[in-house]
Amino acid sequence: MTKTLHSVFGIFGDLTGLFLFLAPTITFKRIILNKSTEQFSGIPYSMTMLNCALSAWYGLPFVSSNNILVSALNGTGAGIEAIYVLIFLIYAPKKEKLKLLGIFTFVLTVFCTIAFISIFALHRQKRKIFCGLAAAIFSVIMYGSPLSAMRLVIRTRSVEYMPFFLSLFSFLCGTSWFIFGLLGKDLFVAIPNGVGGGLGILQLILYAIYYKDKAKLQNSTKDESSLEMGFAGRDHRPRIDGQKPSSENGEMQPGGGHRSSIDGQKPLRS
C-alpha cells in the first residue's frame with residue numbers, strides 16, 4: 001500500500017510539477033510581445049534551472065534508488081527553465097542581462113562541480129548524501145526565490161508580478177513531493193518540498209488579499225477615466241449670459257462639448 005501511494009504521489013508530483021514549469025508561459029508570451037522583461041526577474045528561473053539539474057542528477061539510479069520519477073520531471077524542467085533564461089537574456093536591459101549571465105555562469109559551474117565530485121571522488125552512500133544535500137539546499141533557494149515577488153506584491157499592493165497559476169502549482173507540487181519524500185523515507189526530497197508547499201500557501205494568501213485591492217483599483221481607474229472623458233455629449237463648462245448650451249444652438253466640439261451662442265446670435269460656422 002505504501003509503495004502504491006508512493007508511486008501515486010510521485011506521478012501527481014510529476015504532473016503538477018510540469019504545470020508549474022509551464023505556468024510562466026503566459027508571462028513569457030507577454031515579454032516577447034512587449035519585447036521587454038518589465039519588472040519581472042530572471043533570477044527565479046535561473047535558480048529553478050539549477051535546482052532541476054541537481055534534482056535530476058540526484059534521482060538517477062547510480063546516485064539514489066526509487067527516485068526515477070524525480071529525475072524524469074526535473075530533467076524536463078531543467079530544459080524548460082533554460083529556454084526561459086534564454087528569453088530573458090534576449091529581452092532584458094543590458095544591466096539586467098549582464099547580471100543574469102553571471103548567475104547563469106554560476107549555475108553551470110555549481111552543477112558541473114557537484115557532478116564531477118560525485119562521480120570521481122565519492123562512493124554510493126556518500127554520493128547520495130552529497131548530491132542529496134546539494135539538491136535540497138538549492139531546492140529551498142528555488143522555492144525561496146519568489147520572496148522578491150512577494151515583497152513587490154506587498155509594496156505595490158498588486159499581484160500583477162506574481163502569477164496566480166505559478167503560486168498554485170508551486171503549492172501543489174511542493175506538497176506532492178513532500179508526501180512522496182515522507183513515504184519513501186527520503187528527507188532530501190521531503191524537507192525542501194515541505195518548505196516549498198508552505199511558501200506556496202503564503203503566496204496564495206497574498207494573492208487572495210491583494211487581488212481584491214487590484215479589483216478596487218481597476219474600478220477606480222474606470223471611474224476616473226469616465227470623468228476625464230467629460231461624459232461625452234454634455235458640456236460642464238460655465239454658462240455664458242445665463243444661456244444653456246445645447247445641441248440645438250451650438251456645434252459639437254471634440255470631446256463632446258458645445259460652443260454656446262452669445263447674446264442670442266447663432267454660432268459661427270467654420
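Cβ from N, Cα, C; glycine included.
Per TrEMBL, the features are:
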type: TRANSMEM; residues: 6-28; note: transmembrane segment
type: TRANSMEM; residues: 40-60; note: transmembrane segment
type: TRANSMEM; residues: 72-93; note: transmembrane segment
type: TRANSMEM; residues: 100-123; note: transmembrane segment
type: TRANSMEM; residues: 129-149; note: transmembrane segment
type: TRANSMEM; residues: 161-183; note: transmembrane segment
type: TRANSMEM; residues: 189-210; note: transmembrane segment
type: REGION; residues: 225-270; note: region 'Disordered'
type: COMPBIAS; residues: 233-242; note: compositional bias 'Basic and acidic residues'
When counting Cβ pairs under 8 Å to the transmembrane segment (100-123), the leader among 6-28, 40-60, 129-149, 161-183: 40-60
Annotated stretches the transmembrane segment (40-60) and the transmembrane segment (189-210) touching (3 or more Cβ pairs under 8 Å): no
Within-chain partners of the transmembrane segment (161-183) [C-beta distance under 8 Å, separation at least 6 from its ends]: 2, 5-6, 9-10, 12-13, 16-17, 19-20, 23-24, 26-27, 39-40, 69-70, 143, 146, 149-150, 152-153, 189-191, 193-201, 203-204, 206-207
